[in-house]
Structure formats: C-alpha cells, structure tokens
Amino acid sequence: MSEADARPSNFIRQIIDKDLADGKHTSVHTRFPPEPNGYLHIGHAKSICLNFGIAQDYQGQCNLRFDDTNPEKEDIEYVESIKKDVNWLGFEWDGEVCYSSNYFDKLYEYAIELINKGLAYVDELSPEQIREYRGTLKEPGKPSPYRDRSVEENLALFEKMRAGEFEEGKACLRAKIDMGSSFMVMRDPVLYRVRFATHHQTGDKWCIYPMYDFTHCISDALEGITHSICTLEFMDNRRLYDWVLDNITIDCRPHQYEFSRLNLEYTVMSKRKLNQLVTEKLVNGWDDPRMPTVSGLRRRGFTPASIREFCKRIGVTKQENMIEFSSLESCIRDDLNENAPRAMAVLDPVKVVIENFEVGAVENLTLANHPNKPEMGEREVPFTREVWIEREDFREEANKKYKRLVLGKEVRLRGAYVIKAERVEKDAEGNITTIYCTYDPETLGKNPADGRKVKGVIHWVSADKALPAEIRLYDRLFTVPNPAAAEDFASTINTDSLVVINGFVEPSLASAEAEQGYQFERMGYFCADSKDSTADNLVFNRTVGLRDTWAKIENQ
C-alpha cells in the first residue's frame, strides 16, 4: 500500500488531490485560526487534526494564526494555552506564530481601497438601527441614509474613526453590497468598528478593529493559504469571503471549504455554556477533568494519540450528526489497554489477615508492568500478613458464578498466592471488618500441587506498605445525550459525575508522574492528577472504566 493509499479519505482531501493533479496548486498550505478568547475543546481538536494532518500528509505547511480582532475578550493567557494544546496534540506550526493583528496596517489599506472603489462607506446608524435596517430572512433590508456618501467624505470620516474622534457605537465602516440579498451576511456587513481597548499585541496603536469576515479572508491570502477549512456555520460567510477578495488588489486567491463541526453526546461545546459551567462553579475550572476542553481531557488522562485516533474515526463530512461519547471512551480505552502499565489499587478496602504468614515478614514479589509487553519491565510489590482487598470481592455465601473469595473457599491473589477464607469479624452493625485467611505457600506462580481448581483471581495491596490515595471517579457530566437541547442545560448535570473516595495503591505509584496513565487492575484506567497530587497526598483521576457501563443504561 502506498503512502497516499494509507491516508484517510474525505471530501476535502479529494478536492486537494484534484487541485494538485490539475495543477491549480503545487503545494498545500492550511491554517488553524483560533480566537484567543477561551480554551480549546475537543471540537477544536478535530479542526487541528484536520488542518495539521493535511499539511503533514501532503508535505505542506500549516500556520497557527490567532484571530485577534476583538481585544476586549482576548488575553495572552489564552494564546499560551492554545499553543500548549496544539503542541500537546502532537503538531508543530510552520514558521512563527501568526496574528491577524500583524496585518492591521495592510487591512486598513484594503479598507481604503474599498472606499475608493465606492464599495465601503462610514455609517453613523446605531448598532440597534443597523440590526433593524438589515431586515429578516423573509424581508429585505433597507439602505442606511448614510449609504451614498461620497468617496471623499467616507475617507475623511474613516480617518476620524482611526483618530479616535468617534465614540464606540457612533460610527462603523460597512461594505456596500446588496441590502436586498437573500443572504443576511451580504446586506452591507460591518467591516470596522470603534473599540477603545488595549490589544495584547498592538497595545493602544489602534482604536478601530476589523471584523472577522473582513480579516479572515485577507489573512488567508496574505499567508498564501491554499485551502481555508472551517465549519459549516460559516458556509454563508463564504460569499463575503469571496466578495472581499474579488474586490481588492491581492495576488493569492484562497478558497474556503466547510465541514461539519463536532457534536458529542453528554457534553456541550458552546463557549457560552462552558463559561456558565465555570462561572457558576458547576465544575472546578476550565481544566476540570469532566470538561470537553483539551486541558480538561489532558488532566483526566486522555492521551494525544487517543484524541487523534478519535478525530480520525469520526471522519470529515458535511453531515451534521451527534457522535456517541462511547466512541471517545473507546479510543482512550484502546490506547491505555495497549500502552498503560498495570498497577494494583483497592478503592473500597476490607482487611484480610493471612494467619499462617509470618508476622512482620515482607516478601517482595515481582510483577510484570504489562502482560503482553515484557519490554515494559517489572516492578516489586510487597506481600505481607495483612492485605487490603475490594469489599465486593468477598461474600460469605455465593453461587458458582461468583469467582472471587467466599467463606470456606479459595481464590488467587494477583501475582501472589492462593488464599482460603476461614472466618470473618464484624462490627456492631454487622459489617465485615476483617477476613481471616490461610495461604498455600506452594502456589506462588503455580497451581496447587494436589490438582484442586482455583478459578478466581482478585487484586490486593499490602495493608502495611500500601499508600493512601484520594481517588476521583469521574463520569459523564450530563445525564442526557444532548444537554444543549434542554430548556435549562444546567439542570441535566450528572450529580454523580464526580465521586471522591479514599483507597490504597501499591507503593510503586509513589513516583507516578502527572497524567501518566495506569490500568488499576480490574478497576479501570487512572492517572495522577496534575494539579493536586503530591508525594505526600496522592490523587488519582479515573480516565475511563474497563468497559462501557453506560451502554446497558442507554439500551434499557
């Protein structure tokens, strides 16, 4: 199979293949243009993987460009966060980071060109009047009384706008297109507005700022972008994208292509809704592991490879659809099953005392870090007279299907010996506090010599040597697949999306690095929390369970 055959196919790549074959372009140049007014989420990750992935596969270039035309809502903090997220996902932009603000002087010149051609005018209608004059989808707009000003008057007024002689909302520059157009975006859209705000890149040099639709297409052209890829909500904006480029003097002529944005079950992607979750403290910040932000997914234990694989699996189409959350979980589960070292942790402990094991003795057992990858090495796990096991792994009575520890019967401790439950001790409420067992010292790494069958295997940790740890059990943030459709999306929050418990982990996890994934055997995949876990206070986040526990709920 050739390299081209191995590439994922989609309609955008088919367009690129044809453009290259026809000689329309000799190379491919894409860009990822986020606005630095918030944190990236997994929907942005889809766009990152698409744009950077295309550049990689076609030996082309991909720019990282910040669409920084709205200084009031932007911050350098978001710039740095976005750069970190792109790098973390495994991508490098070509050359220096680009900013739309790099082109403010050039954009101003193009605005002057449109005015000189009679294609732009300074309007003094208020923002409310502009909305009123624009009309509706069923009714055409009506022209502003300022629409037919002379070129000379518009040039003078635009210069006054730049000089700060108009208050905010008192004047704007509009394109002169068609107030009767069936496309709202073509009804004399605003190109520049007055904003007295300090910009994180240009400081106080400007008090007029270009609008997205004017800036975006020109920035693409100035950077030599061949394929400008965005989501479907910008489909109508393509008409304005083309109109601007058709009416200014510029060499490069990029084209815009649209694909469906990511809609993921049991979460929300709207920046407004995500901001509401944070400001109302429904979650613990933008990097809360329940959030769909890249920083939240990273903190939860998702790997770059799992997110790239997810974006690959869902593909690129023009069809809007809702992606099952289990698809995302499947990607990280597959990744960690293949690559995560194993460890043992007991989340709901009950004590086991092995009465025929020497008091105070410690036997260091050697366990593989991965059952199928000997190259991942081994670790020492201490075995002692007292161990913790999961409370659910013991019953006083059970049927034959129960393959764990039962009173009077045997089970194997993972990587250790066969033990037999002899008796239990209970508290005043009847809760089991201690299980007294014996062990067969001849069963380390082998079956009982007399041929008796021991079918069950359970995990454990030494009661003396294990480390206490806070375990955060994260789950889906909402109880319904499409919370955005609810009248009050916040009312559908899953109150069990975070359950905090205290358990014990094996000593090898004392040095667990932040965000390093582990399979806690029989319990799921976990990672050390990057903000709260310390050597003296271990905190582990559940990334995903061993299996999809929501499937049964959804199929009921």
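Note: Cβ is positioned from N, Cα and C throughout, glycine not excepted.
Small disclaimer: the values here were computed from a predicted structure and weren't measured.
Of the listed segments 113-117, 268-272, 323-327, Swiss-Prot assigns motif ''KMSKS' region' to 268-272. When Swiss-Prot is compared with the stretches 1-11, 34-44, 287-297, the one noted as motif ''HIGH' region' is 34-44. Counting only same-chain residues 6+ beyond the ends of the motif ''KMSKS' region' (268-272), those with a CB under 8 A from a CB of the stretch are 37-38, 41-43, 261-262, 292, 478, 483-484, 489. Using a 10 Å radius centred on the Cβ of T231 (ATP binding site) and all shown protein chains, the other Cβ atoms total 15. Helix, strand and coil counts from DSSP across the motif ''HIGH' region' (34-44) read 3 helix, 1 strand, 7 coil. Cβ environment of S270 (ATP binding site): A484 lie under 8 Å away, each six or more residues apart in the same chain. Note: the Cα of Y212 (L-glutamine binding site) and the Cα of T231 (ATP binding site) are spaced 15 Å from each other. For D67 (L-glutamine binding site), the binding-site residues whose C-alpha atoms fall inside a 10 Å radius of its own C-alpha are E35, out of E35, I42, T231, L262.
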